[in-house]
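**Q** Submitted below is the structure of interest, expressed as structure tokens.
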Ligand SMILES: Nc1ncnc2c1ncn2[C@@H]1O[C@H](COP(=O)(O)OP(=O)(O)OP(=O)(O)O)[C@@H](O)[C@H]1O
Ligand SMILES: Nc1nc2c(ncn2[C@@H]2O[C@H](COP(=O)(O)O)[C@@H](O)[C@H]2O)c(=O)[nH]1
């Protein structure tokens with residue numbers, strides 16, 4: 001009898017501008033074995049963002065329809081726009097035994113926790129709030145008003161950190177990637193994930 005381990009669901013969240021996207025991109029270019037779920041959003045594309053690559057861009061009506069049809073694993077309204085994770089891709093990829101990473105804000109992460117308590121929750125934290133603001137400004141994608149709104153949300157998101165399994169400081173991108181890779185590796189070795197495999201050892205050689 002062969003034991004097929006299900007993929008691990010990794011939730012990476014943290015305030016806007018902390019570097020979630022940057023860290024995920026760096027993990028990807030290292031070849032880290034994580035599949036990236038592409039979210040659905042009602043936000044307008046930023047310059048250079050491609051539909052189906054960075055997000056699936058939808059109208060509010062289309063997004064509402066996805067909610068009604070229960071196509072979203074989680075969703076949240078964030079600073080005037082809606083964001084959500086398509087369920088099908090996540091379930092299919094986990095069932096194939098591949099790990100999936102969701103790059104989402106905190107309200108959505110809490111919904112995932114209720115539905116998938118066994119998922120791994122990592123909070124990416126900035127060295128401090130001044131540095132966070134500097135990063136959002138430096139990215140050059142938001143108006144001054146939106147930067148203030150995102151900073152206000154960021155402060156309340158930081159207070160929800162205790163709902164996560166790990167906090168990783170994104171002081172340097174490569175160090176943050178090292179820490180995330182180590183956490184994911186350790187999670188794969190947890191007894192509660194592997195016990196089924198090792199309690200069925202006898203079946204493995206046909207005895
Ligand atoms: N460790 C770091 N040191 C300095 N700058 C960083 C670091 N990580 C990311 N940045 C920069 O911070 C800015 C925001 O990063 P990024 O867009 O990845 O954040 P994010 O958390 O994905 O934001 P959002 O949640 O809004 O999508 C970018 O300009 C990026 O280059
Ligand atoms: N709850 C969810 N949050 C998501 C999802 N995809 C992205 N996000 C988060 O939204 C904010 C804003 O993103 P931006 O691209 O407009 O800067 C940020 O924290 C993202 O991580 C999702 O599917 N669900």
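For all residues, glycine too, the Cβ spot is worked out from N, Cα and C.
Automated prediction, rather than curation, is the source of TrEMBL annotations.
Below, the features straight out of TrEMBL:
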- 7-185: domain 'Guanylate kinase-like' (DOMAIN)
- 14, 15, 16, 17, 18, 19, 20, 21: ATP binding site (BINDING)
**Q** Any idea which of the binding-site residues 14, 15, 17, 19, 21 has the thinnest Cβ neighbourhood at 10 Å?
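**A** Across 14, 15, 17, 19, 21, these binding-site residues, the one with fewest Cβ atoms within 10 Å is 21.
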**Q** Enumerate in sequence order the binding-site residues 15, 16, 18 whose Cβ-atom distance to ligand 1 is under 6 angstroms.
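**A** Correct list: 16, 18.
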**Q** CB neighbours of residue 18 (ATP binding site) within 10 A?
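**A** Total other Cβ atoms inside 10 Å, all chains included: 27.
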**Q** Suppose we screen the binding-site residues 15, 16, 19 by Cβ distance to ligand 2 with a cut-off under 6 Å; which survive, in sequence order?
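**A** The binding-site residues passing the 6 Å Cβ test are 16.
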